[in-house]
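Colleague: The structure's right below; bear with me while I get my questions together.
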Amino acid sequence: MRRVVCPGSFDPITNGHLDIIGRAARLYDEVTVAVLINVEKKSLFTVEERIDILTTVTKDYPNVRVEKFHGLLVDFCRQNDIPAIVKGIRVVSDFDYELQMAQLNYRLSGVETLFMPTNPEYSFLSSSRVKEIARYGGDVSGLVPDLVHKLLIERLRG
Ligand code: PNS
């Protein structure tokens with residue numbers, strides 16, 4: 001069984017994340033989407049809401065499961081017998097940051113990190129930008145799954 005993890009905050013999931021998850025699901029037998037529980041960071045959606053959203057928008061991928069984790073990602077990998085992490089790379093500055101994290105994670109545990117270039121259609125996309133645009137009434141359709149679009153409008157403008 002070839003397993004991989006797609007970790008993140010997913011507050012909320014964007015079409016860029018979904019593209020990476022879907023591509024990983026074609027390459028691996030099982031993809032675990034791991035949502036970070038970060039008590040220090042103020043989030044728009046609770047972890048449980050994010051898990052529900054992720055479960056709904058990945059329902060067409062039978063080999064994708066959604067979990068939450070706290071602490072070190074490599075500990076989650078060890079506990080779940082997952083030998084590799086997949087990370088989407090949008091721009092060179094992502095690579096600078098992710099390379100250090102990948103090397104540290106490997107040093108800590110031997111867990112490998114594989115970088116997947118983001119679809120250029122989404123290379124400008126981030127959850128923070130999406131929230132900012134939606135907060136000020138901009139149109140984020142096409143940038144996030146339809147469910148997220150609806151929930152963003154309800155939460156930010158309702
Ligand atoms: O979507 P994000 O917020 O960019 O995701 C970042 C995430 C969750 C992948 C990263 O912060 C993470 O792995 N956090 C868990 C703590 C950890 O393992 N840190 C790495 C130490 S080298």
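In case you wondered, yes, glycine gets a Cβ from its N, Cα and C as well.
When I checked TrEMBL for this same protein, it listed these features:
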type	residues	note
DOMAIN	5-132	domain 'Cytidyltransferase-like'
BINDING	Ser9, Phe10, His17, Gly88, Ile89, Arg90, Glu98, Tyr122, Ser123, Phe124, Leu125, Ser126, Ser127, Ser128	ATP binding site
BINDING	Ser9, Lys41, Leu73, Lys87	substrate binding site
SITE	His17	site 'Transition state stabilizer'
Colleague: Among His17, Ser123, Leu125, Ser127, these being the binding-site residues, pick the one whose CA is nearest to that of Lys41 (substrate binding site).
Modeller: Ser127
Colleague: Out of these binding-site residues, Leu73, Ile89, Leu125, which one has the fewest other C-beta atoms within 10 Å of its own C-beta?
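Modeller: Relative to the other binding-site residues in Leu73, Ile89, Leu125, Ile89 has the fewest Cβ atoms within 10 Å.
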Colleague: Among the binding-site residues Ser9, Ser127, which residue has the fewest other Cβ atoms within 10 Å of its own Cβ?
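Modeller: Selected from the binding-site residues Ser9, Ser127 on minimum Cβ neighbours within 10 Å: Ser9.
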Colleague: Whose Cβ, among the binding-site residues His17, Lys41, Lys87, has more other Cβ atoms within 10 Å than any of the rest?
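Modeller: Buried the deepest by this measure is His17.
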Colleague: Considering all pairs of residues in Ser9, Lys41, Leu73, Lys87, annotated in the record as contacting substrate, what is the maximal C-alpha distance expressed in whole angstrom?
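Modeller: With Ser9, Lys41, Leu73, Lys87 as the binding residues for substrate, the largest Cα distance is 21 Å.
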Colleague: For the domain 'Cytidyltransferase-like' (5-132), report the average pLDDT of the model, please.
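Modeller: Here the predicted model's pLDDT, averaged over the domain 'Cytidyltransferase-like' (5-132), is 97.
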Colleague: Rounded to an integer, what is the Cα-Cα distance in Å between Ser123 (ATP binding site) and Leu73 (substrate binding site)?
Modeller: 24
Colleague: Quick check: in three-state DSSP terms, what is Ser123 (ATP binding site)?
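Modeller: SS state of Ser123 (ATP binding site) = coil.
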Colleague: Is Ile89 (ATP binding site) helix, strand or coil when read with DSSP?
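Modeller: It is in a strand.
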Colleague: Would you identify the secondary structure of His17 (ATP binding site) according to DSSP, in three states?
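Modeller: Its secondary structure by DSSP: helix.
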Colleague: In sequence order, what residues of the same chain, 6+ apart, have a Cβ less than 8 Å from the Cβ of Glu98 (ATP binding site)?
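Modeller: Same-chain residues close to Glu98 (ATP binding site) (Cβ under 8 Å, separated by 6 or more) are Lys87, Ile89, Thr113, Phe115.
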Colleague: Is it possible to get the count of other C-beta atoms within 10 angstroms of the C-beta of Ser123 (ATP binding site)?
Modeller: 14
Colleague: Filter the candidate list Ser9, Ile89, Glu98 of binding-site residues, keeping only entries whose CB is under 6 Å from an atom of ligand 1.
Modeller: Ser9
Colleague: Between His17 (ATP binding site) and Leu73 (substrate binding site), how many Å separate their Cα atoms?
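Modeller: Cα-Cα distance, His17 (ATP binding site) to Leu73 (substrate binding site): 18 Å.
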